[in-house]
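Feature annotations, courtesy of TrEMBL:
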type	residues	note
REGION	1-35	region 'Disordered'
COMPBIAS	14-24	compositional bias 'Polar residues'
REGION	135-154	region 'Disordered'
COMPBIAS	138-152	compositional bias 'Polar residues'
DOMAIN	235-355	domain 'Fe2OG dioxygenase'
BINDING	His253, Asp255, His309	Fe cation binding site
Amino acid sequence: MKPSERLSGKQRRNTSYITATLTSPRKRKKKPKQVDLSEVLDFKSALDSYNENAQLPPGIFASQCGSNRPVFCLENRPGFYFIPGALSLEEQCLWIRESLTSFPQPPNRTNHNAIYGPINDLFIAAKEKRTLIDEESSPASLDSEANSCTSNRDTHSHRWKFYEENIPSFRAKTCKSISASVLLRKLRWSTLGLQFDWSKRNYDVSLPHNKIPDELCQLAKKLAAPAMPMGEDFRPEAAIVNYFGLADSLGGHLDDMEADWSKPIVSMSLGSKAIFLLGGKSRQDPPLAMFLRSGDAVLMAGEARECFHGVPRIFTEKETAEIVPLELQFSHEDDHFFLDYIRTSRININIRQVF
């Protein structure tokens, strides 16, 4: 069955605004279009219906796959699996914390490396309202005030260092600088395990790296089980953490740099609700739109690895973000900085077997 055969006329009109996302790179829009979302696939509602009366919408079927919760599949997208509420609230909070504090730490690379080199303790610096200063453009006398939280293994690290918030105005005028809080909001990706070289579009095993944390590996293995070939275990070797801010989107793409596409990509959603588009093997194939909520997991293996996919929209408005449980968990005074971040953001952790 072709993707268009499962879309009503209204669905085709409603997805036209997001089909363009499958043909363009990641971009930031000023304001999302107001569209009718009534026919976007909602696996949370499907789960409720399935638990109540074992009924599912046409084209969707469920499998327990040895799990304690249903795993949903699409008849016209072999290799695609959706696990609503796969992560407990405690797990969501854990991986939000790790994504902001640990995962951007060197030797893990981020989108900031190209300009600023490796940055240590970005989240702490943002919390303490520090400023990153380019020392090549600053007076040498600033050295005594510097916070030595940058690595010296990269040439950039000799240039950029964090300083206390209250920099004298004359220094601010003579230095290139950026606040840590702005850098945190501009964080778009970090890489765990084997490091991905975006310029060459391959994994560079020569780059320094740490293994993926064991607890995350165990979670990925458990989630990957429904999509794994019989008798094989998932080997988490690399992960990319994507950070979405206000009005961010992720254009249509393929994750095609791993050796064996029969092994799944394990993708976990954290924070604000989003729309996920699953297209076909051509960018011109009409996509299926579905909601992703915090705690949901998606697996893509086999034929699904050949399907273009993207995220055209996240919902950061209080009424639509659907993060009240997270807000309650992060309501303690010590967690307010996490709370402020997640109220307008989404984090996606996708884990891969490279070889």
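Just so you know, glycine gets a Cβ as well, placed from its N, Cα and C.
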Per-residue pLDDT averaged over the domain 'Fe2OG dioxygenase' (235-355), given as an integer: 96
The one of His253, His309 whose CB sees the fewest other CB atoms within 10 Å, among these binding-site residues: His253
Intrachain C-beta neighbours of Asp255 (Fe cation binding site), sequence separation six or more, cut-off 8 angstroms: Ile265, Met300, Arg305, Asn350, Arg352
Cβ-centroid neighbours of Fe cation site His253, Asp255, His309, 8 Å, sequence order: Gly252, Leu254, Asp256, Cys307, Phe308, Gly310
